[in-house]
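Q: Take a look at this one; I'll ask things after.
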Amino acid sequence: MSEVPEELKIKQKFPNWYDWLKPITQKDIKHGFASYIALPKQVNSEFFKMPFGDVERDVFSEDWKLPENWKEIILDSFKETLEKNRAFKVFMDICVRCGACADKCHYYIGTGDPKNMPVMRAETVRSVYRYYFTIGGKLFGKWAGARPLDENVIKEWYYYLLQCSLCRRCSLFCPYGIDTAEVVWWARRMLSRVGLNQRFMCISIEASARTGNHLGLYAGGMAGSIEQGLSELKDITGFDLHTYINKPGADVLFVAPSADYFATPHWYAMLGYLLLFNELEERYGLTVTWSTYASEGGNFGTFHSYEAAQLLNSKIYKEAERLGVKFIIGGECGHMWRDKHQFINTMNNPPKHAEWKKFWDDPDLGQISEKLKGINLGEFISGEHGWIHVLEFVAALIKHKKIDIDPSRNDHWRATYHDPCNVARGMGMLEEPRYVLRNVMNNFYDMPEHTIREKTYCCAAGGGMLAEELMELRMRGVMPRMMALRYVVKKYGVNIMLTPCAIDKAQFPIAVDYWKIPVEIGGPMEMVGNALVLTAFGEKPEDRKYDLRGTPIREEE
């Protein structure tokens, strides 16, 4: 792992508008802030092939080995985007550079670099738009905020467009509703047309295209991980539990982020899923299957390009149709929910098989079990037709009193909740996680209001920023969230921060260690698993002695 900086020094800089028109040069590209460029094995493979991906490039080299006609390719891609994407065209034209977004970006707060203001990040692209696609820019040049493309401008694009986690907090405060994340996404696509792809996200995209998940796990590895989870749960609960993998005719397809199969603390959410699904089958006959083909809920294509996103999320609907399931439950993954909430049904056609259509004509769980009658998923889903988030699903079960809960099993935890950007701002799921947590535990405390729900601060590792070479940027960008966390730790004695996002769970353990905040990191489904009483198996509330981490639930008397 890259070393994190010993001390963060933040110097705020506010140049005039003409100064920022000068692009950076190679000497301005710094370690800790620059993303490595993808290697041919990631972008020139049988499963994921990008233009000019057969060349190895070095972000710290003077020569980035751009194709000879790179400028023509970029401008053609720019023109295509303007013609096909109305929002992108509008966002190019309507910004008045008021600066309302400037101090809303965690990267600008943490770095003090003015080109990390959302307005200026977008201006790196907008200035080129003005020069080539507007009359004012063609006539007045820099006096109209326009500049021509050259290699330094392209390097600046790559450097700063990959210092954005696409969290969209800036768009919340923009009086015109400009979505800078969308500007960045389409500009990254333009860069990919000349061979400039970020290495970290392309490793995951290629692996997912090849194996079905970001980790590159094949069927045996995934199945073995789940079997290990069942073995651990027997030690904790005393019951022989089971699960289904690739089961035709199951009621539900469950899709988790692949980090849940191996990483910590993600693993404890995995155990929570398995407990819930066993209780529901034993009690109500509802069957849930995993898939080794569609074994990844996340989609790093949503950080890269439309085409990459479409390629990866196509697998899930294909598998839902092949297995004949009635609906899909998604696990604790952040960007999965922007993808499934806003993109999947326009990128790929939903399943058309009879079981799916019949269920969604009237999505009442009574179709599966008479004992579940009255739980209409249409009242709980906030995402695309056919999908429900696992926390929305648990909220429905709790509201209708279909599972038994003992919140005292979590009394050794004092929790706060981090809203993942793509779950909160991306799909509007704000209250369901809090409803679940307040039911499964007795000690829950929110962070300050201006740092949560739709105003949540980013973990600073999404959008491809989880790359190890960006460690300094990550530790700077996570500062606002860490300050809010430190507040509730001091005020309420919080000892765990919960988040339903795999990238959060990878970033925050490093961040709390760096910022010296003594808390654990986990997911809401871990707390659900702790509190869930396996009534169908004969378990009583007082029977469970250990939580899913193997920690004693109650102090020895």
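Cβ atoms are placed via backbone N, Cα and C, with glycine included.
Given the structure is predicted, the values throughout are model-derived calculations rather than measurements.
The domain '4Fe-4S ferredoxin-type 1' annotation in Swiss-Prot covers 86-115 and is backed by sequence analysis. If you look up Swiss-Prot, you'll see CYS95, CYS98, CYS101, CYS174 marked as [4Fe-4S] cluster 1 binding site, on the strength of sequence analysis. Residues or ranges marked as [4Fe-4S] cluster 2 binding site in Swiss-Prot (evidence: sequence analysis): CYS105, CYS164, CYS167, CYS170. Annotation source Swiss-Prot lists domain '4Fe-4S ferredoxin-type 2' at 155-184.
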Q: To the nearest whole angstrom, what is the C-alpha distance linking CYS95 ([4Fe-4S] cluster 1 binding site) and CYS164 ([4Fe-4S] cluster 2 binding site)?
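A: About 18 Å separates the two Cα atoms.
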Q: Per DSSP, what is the helix/strand/coil residue tally across the domain '4Fe-4S ferredoxin-type 1' (86-115)?
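A: DSSP composition of the domain '4Fe-4S ferredoxin-type 1' (86-115): 20 helix, 0 strand, 10 coil.
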Q: Cβ distance under 8 Å to CYS170 ([4Fe-4S] cluster 2 binding site), same chain, sequence separation 6 or more: which residues?
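A: Once residues fewer than 6 apart are set aside, CYS170 ([4Fe-4S] cluster 2 binding site) is near CYS101, LYS104, CYS105, PRO118, THR180, ALA181.
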Q: Pop the mean pLDDT for the domain '4Fe-4S ferredoxin-type 1' (86-115) in here, whole number is fine.
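A: Summarising the domain '4Fe-4S ferredoxin-type 1' (86-115) by its mean pLDDT gives 94.
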Q: Look up CYS174 ([4Fe-4S] cluster 1 binding site) in the DSSP assignment and reduce it to helix, strand or coil.
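A: Where CYS174 ([4Fe-4S] cluster 1 binding site) sits, the three-state DSSP reduction gives coil.
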Q: Taking the centroid of the Cβ atoms of CYS95, CYS98, CYS101, CYS174 ([4Fe-4S] cluster 1 site), which other same-chain residues have Cβ within 8 Å of it?
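A: Apart from the listed residues, the neighbours are VAL96, ARG97, GLY99, ALA100, PRO118, VAL119, CYS170, PHE173, PRO175, TYR176, ILE178.
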Q: Could you state the CA-to-CA distance between CYS164 ([4Fe-4S] cluster 2 binding site) and CYS174 ([4Fe-4S] cluster 1 binding site) to the nearest Å?
A: 17
Q: Across all chains shown, how many C-beta atoms besides its own are within 10 angstroms of the C-beta of CYS101 ([4Fe-4S] cluster 1 binding site)?
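A: So the number of other Cβ atoms within 10 Å of CYS101 ([4Fe-4S] cluster 1 binding site) is 25.
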